[in-house]
Amino acid sequence: FKGGDTCEYLLSSGRFLGEKVWQPHSCMMHKYKNSEAKNCLIDKHVVFIGDSRIRQLFYSFIKLINPQVKEEGIKHGNIPFEDKSASIKVDFLWYPEVNGSMRQRIKSWAEGSVAKPHIIVVGAATWSIKIHNGSNEALAQYKINITSIAPLLEKLAISSDVYWVLQDPVYEDMLSESRKMITNEKIDAYNEAAVRILHSSSRNSKAKVKVFSVSKLIAQETIMKSADGLHLPESSRDTNAMILMNVYCNKIMKPIDGSCCQPQPPLTLIQKIAFCFFTLSIIGYLIISLIHRNNYRKNKSCTDLESGEEKKPAISTPNVSTLEMLLHCFCKLGLIMTYFYLCDRANLFMKENKFYTHSSFFIPIVYILVLGVFYTENTKETKVLNREQTDEWKGWMQLVILIYHISGASTFLPVYMHIRVLVAAYLFQTGYGHFSYFWIKGDFGVYRVCQVLFRLNFLVVVLCIVMDRPYQFYYFVPLVTVWFMIIYATLAVWPQIVQKKANGNCLWHFGLLLKLICLLTCIYFLSYSQGAFEKIFSFWPLSKCFELNGNVYEWWFRWKLDRYVVFHGMLFAFIYLALQKRQMISEGKGDPLFSNRVSNVLLFISIVSFLTYSIWASSCKNKTECNELHPSVSVVQILAFILIRNIPGYVRSVYSSFFAWFGKISLELFICQYHIWLAADTKGILVLIPGYPVFNVLVSTFIFVCVAHEISQITNDLAQIVVPKDNSTLLKRMLCIAGFFSGLHFFSAMQDKSRH
């Protein structure tokens, strides 16, 4: 099922999600704000021609430009509207019948010297049915009149957007006596005649009158709520007006969450270079594979004619070379990136808007929790936050975040606040994990730094190139990258204080605490000094990485939202490792972490704290106010969870292998969802199988998880090649990477220049 002409789908098909949210077939509809509508229609003239139903549509349309407009115009007369600030003119012309008068008006635009409107919306029929009491003669005359008007409309469609609005069904039981002759059977006959004549006329025409038939589908669902059985309820006509706005404005404004009627973006210079690179990698790998295959055939074992026994080949199959492994990785990556591009840049697959319901979020959550508990195994070690446990933690958090994104649960504030804690917990683990490594190992070498930076950023850099998106768009990776560098700088700067040194002299512990206090002071200062923060990240080349839409405000907002939690993770690691070194905690299998009395007290406090935070988050009324408090209080629920998970020995001794498997590829899952599970840069949902929402999610999820797992393996393989342990080789590779980014910057500058 191709995406095809999404404009055609937008105008003709769709369904309701819930009661008021209209979902066009195959594409996403943007909800236009007044400012956006004005920017799109600046210096434009729009005309609505028809009866009272078209007048309804006219009012809904102009309310998108100015919500203060009241429906006070003459009932059976022309109604003008003008927005002088944007030079927008929208007129309603009262022509309740398709007759000579309507033809003359259209002819004056098509053949006269009068300025043509940019958008023309026409439709009428119910008055003809009513006045002529539903006679067949009236229908015959209607066909004749439309036949004479159709060529004029086609002529107008060459320079203007022309829409013929089909007649909506009526609710016959509610119609007044004077309208009883307007039946759905008659309306269908008039619509059929209009569609047949307009389509036959457009076959020989260069331009095409667009048939606005989706209104009919919307009315079928909502006409029962009509006040008089004839006119649509306000919510339905507002939906029709928004569809009209999407049809005309999406190709001009290009909103991310409005895929309907948007043309496929042209390939950029960098995308073309990337395509050539991956194509050459695939060809190179195939050539090397064929050469090795031929060599293997030549050297394969042959039968000894005398003894009839097999002899081993004299030459064994050579090991896979670095070049072959490199080409193999890029070959797979090229195929995967092609899938990424087809899913979220080409108009090949369909996209739909998200729609939140409590069941769409909570039922999958219960399902994965049951699966997670089912796959319970014993841990290899029983330390606090051991590898299996942290993988499990990342895994279930990532699955919850994925369900949150695909269900559109961000509109429900209590869920949003809890998800913010999960994101904070990821950053907490960043602080905990990296601090623990540097503190215990004392390894501040370049190799370690390059390995971490490569694993974190490789996929994002490739996606920035292939999907033509800025680095800051994938905000979580810049966040963990910057925090890693902050942790490294804090511990690596003189004096380097590590566990081995601190064990010899307790004063070094105070030195480290002093470093942490300095870090906290810097964080506090930058969080309340937006100007200083923006100055730091506005310097080149940092500005190239952290700017989004021409400024670094989004980056400041993201950083500020979880500004203390990495520090909390570092502090927790320091306290835990100090207690562990002094044998003040018991980490044996099945043993509680502290004495029974202390463990019970801490467990009780942790459960109360955990529930208290949840109650507070669930009672949040204002997102901005809750976001202000979040950085200071999120650590309460994180620490409570860690203690609940680790104090009882039997809980600490088991983990879910199901969640841990997902935890190992959590970063890839988080990034890949942007384009091959969700769509339109996370604003919508990818539709591979239209018409079957549950089956579609199952298929797209399976592909998405497999791709994320494959990318994780590719990243690990490439990390061994690109970041070698040998310092001299590593230096050469770093120079090559610097050259690569210099070239990327050069081509990016050329690209920006051509765009401007």
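Numbers run from 1 along the shown chain.
For all residues, glycine too, the Cβ spot is worked out from N, Cα and C.
Just so you know, TrEMBL annotations are computer predictions that nobody has curated.
Marked as domain 'NXPE C-terminal' by TrEMBL: 22-72. When averaged over the domain 'NXPE C-terminal' (22-72), pLDDT in the model lands at 94.
Residues or ranges marked as domain 'Cas1p 10 TM acyl transferase' in TrEMBL: 253-734.
The transmembrane segment annotation in TrEMBL covers 269-291 (among others).
Residues or ranges marked as transmembrane segment in TrEMBL: 355-375 (among others).
The transmembrane segment feature in TrEMBL is assigned to 396-417 (among others).
What TrEMBL records for 452-468 (among others) is transmembrane segment. Long-range contacts of the transmembrane segment (452-468) within the same chain, counting only residues at least 6 positions beyond its ends with a Cβ under 8 Å from a Cβ of the stretch, are 265, 268, 270-271, 274, 333, 337, 340-341, 344-345, 434, 474, 477, 480-481, 484, 667-668, 671-672, 674-675, 711, 715-716, 718-719, 722-723, 744.
The annotation transmembrane segment is assigned in TrEMBL to 474-494 (among others). Listed by sequence, the residues of this chain that lie at least six past the ends of the transmembrane segment (474-494) yet keep a Cβ under 8 A from its Cβ atoms are 423, 426-427, 430-431, 434-435, 438-439, 444, 449, 452-453, 456-457, 460, 463-464, 515-516, 519, 545-546, 554-555, 558-559, 562, 566, 570, 667, 670-671, 674.
Look at TrEMBL and you will find 506-526 (among others) tagged as transmembrane segment.
Among the features that TrEMBL reports, transmembrane segment is placed at 561-579 (among others). Here the transmembrane segment (561-579) has long-range neighbours at 384-385, 420, 423-425, 427-433, 435-436, 439-440, 479, 483, 486-487, 490, 499, 509, 512-513, 516, 519-520, 523, 526-527, 585, 627, 630-632, 634-635, 638-639, 642, meaning same-chain residues at least 6 beyond its ends whose C-beta is under 8 angstroms from one of its own.
Residues annotated as transmembrane segment in TrEMBL: 600-617 (among others). Outside the transmembrane segment (600-617) by six or more residues, the chain places 414, 417-418, 421, 594, 626, 633, 636-637, 639-641, 643-644, 647-648 with a CB less than 8 A from a CB of the stretch.
According to TrEMBL, the transmembrane segment annotation covers 629-647 (among others).
The transmembrane segment feature in TrEMBL is assigned to 659-679 (among others).
As annotated by TrEMBL, transmembrane segment applies to 685-709 (among others). The list of residues near the transmembrane segment (685-709) in space but at least 6 beyond its ends in sequence, with Cβ under 8 angstroms from a Cβ of it, reads 1, 25-26, 336, 339, 343-344, 349-354, 406, 662, 665, 668-669, 672-673, 676-679.
Between the transmembrane segment (659-679) and the stretches 355-375, 396-417, 629-647, Cβ pairs under 8 Å are most numerous for 396-417. Here the domain 'NXPE C-terminal' (22-72) has, by DSSP, the following mix of helix, strand and coil residues: 22 helix, 9 strand, 20 coil.
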